[in-house]
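Chemist: Pulled these features from Swiss-Prot for this protein:
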type	residues	note
SIGNAL	1-19	signal peptide
DISULFID	Cys111-Cys122	disulfide bond
DOMAIN	199-563	domain 'Peptidase S53'
CARBOHYD	Asn210	N-linked glycosylation site
CARBOHYD	Asn222	N-linked glycosylation site
ACT_SITE	Glu272	active site, charge relay system
ACT_SITE	Asp276	active site, charge relay system
CARBOHYD	Asn286	N-linked glycosylation site
CARBOHYD	Asn313	N-linked glycosylation site
DISULFID	Cys365-Cys526	disulfide bond
CARBOHYD	Asn443	N-linked glycosylation site
ACT_SITE	Ser475	active site, charge relay system
BINDING	Asp517, Val518, Gly539, Gly541, Asp543	Ca(2+) binding site
DISULFID	Cys522-Cys537	disulfide bond
Amino acid sequence: MGLQACLLGLFALILSGKCSYSPEPDQRRTLPPGWVSLGRADPEEELSLTFALRQQNVERLSELVQAVSDPSSPQYGKYLTLENVADLVRPSPLTLHTVQKWLLAAGAQKCHSVITQDFLTCWLSIRQAELLLPGAEFHHYVGGPTETHVVRSPHPYQLPQALAPHVDFVGGLHRFPPTSSLRQRPEPQVTGTVGLHLGVTPSVIRKRYNLTSQDVGSGTSNNSQACAQFLEQYFHDSDLAQFMRLFGGNFAHQASVARVVGQQGRGRAGIEASLDVQYLMSAGANISTWVYSSPGRHEGQEPFLQWLMLLSNESALPHVHTVSYGDDEDSLSSAYIQRVNTELMKAAARGLTLLFASGDSGAGCWSVSGRHQFRPTFPASSPYVTTVGGTSFQEPFLITNEIVDYISGGGFSNVFPRPSYQEEAVTKFLSSSPHLPPSSYFNASGRAYPDVAALSDGYWVVSNRVPIPWVSGTSASTPVFGGILSLINEHRILSGRPPLGFLNPRLYQQHGAGLFDVTRGCHESCLDEEVEGQGFCSGPGWDPVTGWGTPNFPALLKTLLNP
């Protein structure tokens, strides 16, 4: 059957399922641990589905990202506006017409788009959705630490073949909400009392990374930062105020968030949400802070997609965004990963600095055809984000040199090839490291991460008005590094320079200047006889455990202030 035949009678094709294809044949549909099915959804129940429409000029977008992010380029710092990006990538008129005609034929009338017109979110009944997407069968599920309810399909969906050039994927069918990987570790044993700290607080962060009481935002510049939250949990203003009363006495700070984008619920505060806000606002002290709250409260929504669509619908955004979200690369479809990567590319073109946590499972581990391999995570493995690993103090109660935090995520992507900006650093690591795992465990030619690191072990957090000690994870290191970059943006903006934007090309060109090199320790991996739980190990220069290292603020400011 030819394309013209497929285009004729779309509604009949929806009903018959003929002349169809699967956009996400490789999407994992196994039920994540901790989730249970509650049975079929009511046919008249409504859900929302997000249609990712095919974009134009993605290769040109990639070239522009390189041009505006490379300090040696005459285009460096000349970022695109949202309108520029929209003009470049907006779906073709044929794509817009074809998809809209198909949706209208199926009775989908409650739809809204974004400025770039490349996402379309529609509300449909379950009955309509199952007719629209042959093969889909929607069930209720409950799971996660907060007993979250979602509607998902355990079966693959199909689209009419006529839509193959026009739709990348449909969101809201398979992917389950992320879960927090934060750990609360046992308190280490104290062996002395001189010069001790009793856990990581803002004063410990500021001392270790050489931030003085004067290293805060001016409160007068057009500078802002943001964190994004997807775990159906919230921060509380009262917790932030108490945290600053307890730990913010030695530096100027803001005790409230400037703006919440999305839904801010009234339930109990979440530790991860509290951690993100409290340490972004204490490292990037006295800088206007936004919180993107995309909890995915409606059962059909994918909260990470919601956040990406918010970025595509706001012309004026904070310069630095920190995100503590990730999934195993192998759990996601190729169509989804490639499209999300393009969204991250769009943000880089606009001069946004996106920082993602590297994860808290070391190198990870899974079995492929009976053999163990390391397990990279995404979006940490995207070549268009700066990924943050984790460290611990060499002496747990002393502000000393840092070593690897054994949970710090890192490794090599199985999806994205190594970007040119890190070719020299990664090649040097692979040729000089004395402790490389067997080559069968990782893809040595893939995008390597993390890029940088910060302390990730033993934080104090205030949640539901209770100070909680020994919270650990790269969800802690990421907002700390983000706040420090916001302070550098403050100096750049006040001196008439553009914000840092996508950092990696510059970071790798400067070979770790302005960072403390972390050279001791290894992270965890597969518990088998061959690697015995050990992944990669840190060493001089860049490594796939702590990247280039942790921030030394005065030196990093000097390195990144010009041009």
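Counting begins at 1 with the first residue displayed.
Just so it is clear, glycine is given a Cβ too, placed from its N, Cα and C backbone atoms.
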Chemist: For Asn286 (N-linked glycosylation site), which of the recorded positions Glu272, Asp276, Gly539, Gly541, Asp543 has the nearest Cα in space?
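Modeler: Considering only the listed recorded positions, the nearest one is Asp276.
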Chemist: I'd like to confirm something. Which of the recorded positions, Cys111, Cys365, Val518, Asp543, has a Cα closest to the Cα of Asn313 (N-linked glycosylation site)?
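Modeler: With Cα distances computed to Asn313 (N-linked glycosylation site), the winner among Cys111, Cys365, Val518, Asp543 is Cys111.
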Chemist: Tell me, how many other CB atoms lie within 10 A of the CB of Cys522 (disulfide bond), whichever protein chain they belong to?
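Modeler: Result for Cys522 (disulfide bond): 21 neighbouring Cβ atoms inside 10 Å.
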Chemist: Averaging the per-residue pLDDT over the domain 'Peptidase S53' (199-563), what integer do you get?
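Modeler: Across the residues of the domain 'Peptidase S53' (199-563) the model's pLDDT averages 94 on the 0 to 100 scale.
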Chemist: What whole-number Å value do you get for the CA-CA distance of Cys111 (disulfide bond) and Glu272 (active site, charge relay system)?
Modeler: 33
Chemist: For Asp543 (Ca(2+) binding site) and Cys522 (disulfide bond), determine the Cα separation and express it in whole Å.
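Modeler: Given the Cα positions, Asp543 (Ca(2+) binding site) is 10 Å from Cys522 (disulfide bond).
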Chemist: Just how many other Cβ atoms lie inside 10 Å of the Cβ on Cys122 (disulfide bond)?
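Modeler: Around the Cβ of Cys122 (disulfide bond), 22 other Cβ atoms lie within 10 Å.
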Chemist: For the recorded positions Asn210, Ser475, which Cβ has the most other Cβ atoms within 10 Å, all shown protein chains included?
Modeler: Ser475
Chemist: Tell me, in order along the sequence, which recorded positions from Cys122, Cys365, Ser475, Cys537 have their CA within 10 Å of Glu272 (active site, charge relay system).
Modeler: Ser475
Chemist: Among the recorded positions Glu272, Asp276, Asp517, Asp543, which residue has the fewest other Cβ atoms within 10 Å of its own Cβ?
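Modeler: Among the recorded positions Glu272, Asp276, Asp517, Asp543, the lowest count of other Cβ atoms within 10 Å belongs to Asp517.
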Chemist: Could you give the Cα-Cα distance between Val518 (Ca(2+) binding site) and Cys537 (disulfide bond), in whole Å?
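Modeler: Cα to Cα, Val518 (Ca(2+) binding site) and Cys537 (disulfide bond) are separated by 10 Å.
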Chemist: So which other residues, same chain and not among Asp517, Val518, Gly539, Gly541, Asp543, have a Cβ within 8 Å of the centroid of the Cβ atoms at the Ca(2+) site?
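Modeler: Other same-chain residues with Cβ inside the cutoff are Gly512, Thr519, Ser538, Pro540, Trp542, Thr546, Trp548, Gly549.
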Chemist: Which residue, out of the glycosylation sites Asn222, Asn286, Asn313, Asn443, shows the minimum number of other Cβ atoms inside 10 Å of its Cβ in this structure?
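Modeler: If we count Cβ atoms within 10 Å for the glycosylation sites Asn222, Asn286, Asn313, Asn443, the smallest count is at Asn222.
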Chemist: Going by C-alpha positions, which of the recorded positions (Asp276, Cys522, Cys526, Gly539) is nearest Ser475 (active site, charge relay system)?
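Modeler: Going through Asp276, Cys522, Cys526, Gly539 one by one, the closest to Ser475 (active site, charge relay system) is Asp276.
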Chemist: For Asn222 (N-linked glycosylation site), identify the closest of the recorded positions Asn210, Cys365, Cys537, Gly539, Gly541, judging by Cα separation.
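Modeler: Closest by Cα: Asn210.
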Chemist: Could you check what DSSP calls Asp543 (Ca(2+) binding site) once collapsed to helix, strand or coil?
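Modeler: For Asp543 (Ca(2+) binding site) - judged by DSSP and reduced to three states - the answer is strand.
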